[in-house]
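Encoded as structure tokens, the structure appears first; notes follow it.
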Amino acid sequence: MAASERNDTFPDNSTAVFSVADGLELVFNLSVMTVGPAASILVILVTVRTPNLRTPSNAMVAVQCGTDLLFALCVGPTTAISIITNDWPFNPAICVVSGLLSTVCRMMSPLTLTLIAVNRCVVITTDLGDGMFTWRNTAVALGLFMAASVTLVLSCHVQGLEIGYSHISRRCLIVADTNSPGFVVFFWATIALTVSMVIISVPSYVRILLYVRRSGAKLRGQVSDARKRHEFLLTRNCGLLFLVFFVCWLLVYFLLGISAHAQEPLVYTVRFAACLLIVPSIANPVVYGMTSTNYQTAIRDLIGRHCFCKDNREDQFPTFATTRTPEVPVPAVSIHVSGPPGSAVSPVLHGPPTSSALVEETRL
């Protein structure tokens with residue numbers, strides 16, 4: 001085989017050179033390696049470091065960004081190398097570990113997004129938000145979701161759920177085996193989780209929108225407009241997170257269904273579906289971090305503080321080690337009255353010495 005040829009395992013066993021589609025897929029995975037993790041890290045940092053953003057609601061978004069960060073780090077670099085080499089150049093055990101971690105992240109994301117939808121609905125439309133979504137309750141819920149995701153994936157893996165490298169998608173994915181009990185359990189668990197997320201999240205956001213319109217219609221004045229705008233922005237940000245995830249997963253199921261019923265494997269269809277699985281890992285932190293006014297301000301402050309703090313310190317606090325100016329004491333102003341008693345004499349105001357006197361005193 002020539003050095004410029006690539007075996008992309010097409011149905012007719014033909015070979016193809018590095019195509020435009022390969023280049024676009026490589027650029028996309030490079031953005032997954034850079035843009036997604038950078039945005040996720042910024043959202044997590046400003047949530048932790050900014051006092052007014054340290055709330056249980058934002059903690060859920062930070063956990064979701066942490067899940068997206070882990071998923072992007074597991075999928076992006078290995079996929080980019082696989083596209084370049086058209087093979088898996090690492091140990092097969094690394095493929096299994098990377099596939100298991102990315103699968104856990106895919107199970108954790110729907111649970112977290114569903115909790116975010118319920119949180120937004122309760123906080124905005126009722127007065128139970130502060131009592132229900134405390135730090136303790138939020139941490140317990142997120143911990144249970146994480147434990148459930150890890151337990152489900154590992155138990156299915158023990159029962160025969162196989163993780164391997166797919167030459168068609170060039171990723172470490174779950175190997176579809178309908179005869180494996182682990183795969184069957186995982187498949188139906190994923191379907192049930194996705195359906196539950198839709199059943200809970202969609203009515204929650206619809207209720208929020210109806211509440212915002214109703215409250216805006218009842219109230220009058222500038223206060224009601226600000227409240228309506230604030231509630232709508234919260235709904236928009238969290239709703240976009242759910243919408244991006246739901247649309248991508250819906251398209252993935254549709255494309256994989258078409259490919260499964262085709263007589264021959266649709267290589268580029270499968271690869272496009274695999275790329276759609278990674279879109280939420282970039283979109284989630286970008287959407288929430290760049291559309292929220294509070295996060296925009298906090299991110300600008302964080303970047304500006306780290307980029308310009310050194311220059312600001314040098315401007316505000318000049319060092320005296322190199323150029324030390326001698327300190328010159330300035331005498332206080334005094335009033336002296338001279339003259340015989342009982343005479344009307346104007347007081348004489350004695351101020352500090354002139355600049356020439358100060359120069360002479362400095363020379364001494």
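Note that Cβ sites are derived from N, Cα and C of the backbone, with glycine treated the same way.
Just so you know, TrEMBL annotations are computer predictions that nobody has curated.
Feature annotation from TrEMBL assigns domain 'G-protein coupled receptors family 1 profile' to 39-288. Taken from TrEMBL, the feature region 'Disordered' covers 344-364. Per TrEMBL, the feature transmembrane segment maps to 26-48, 60-84, 90-118, 139-160, 185-212, 233-256, 268-290.
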Task: the transmembrane segment (268-290) in contact with the transmembrane segment (26-48), cutoff 8 A, at least 3 CB pairs, sep 6+ - done: yes
Open item on the list: Using Cβ atoms and a strict cutoff of less than 8 Å, what residues sit near the transmembrane segment (26-48) while being 6 or more residues removed from its termini?
Closed with: 54, 58-59, 61-62, 65-66, 68-69, 72-73, 75-77, 79-80, 83-84, 275, 278, 281-282, 284-286, 288-290, 295, 298-299, 302
- [ ] Report the mean pLDDT of the predicted model across the domain 'G-protein coupled receptors family 1 profile' (39-288), rounded to a whole number.
- [x] 83
- [ ] Mind checking which residues of the chain, 6+ beyond the ends of the transmembrane segment (185-212), have their Cβ under 8 Å from one of its Cβ atoms?
- [x] 107, 110-111, 113-114, 117-118, 120-121, 124-125, 152-153, 155-156, 159, 161, 174, 228, 231-232, 235, 238-239, 242, 246, 249
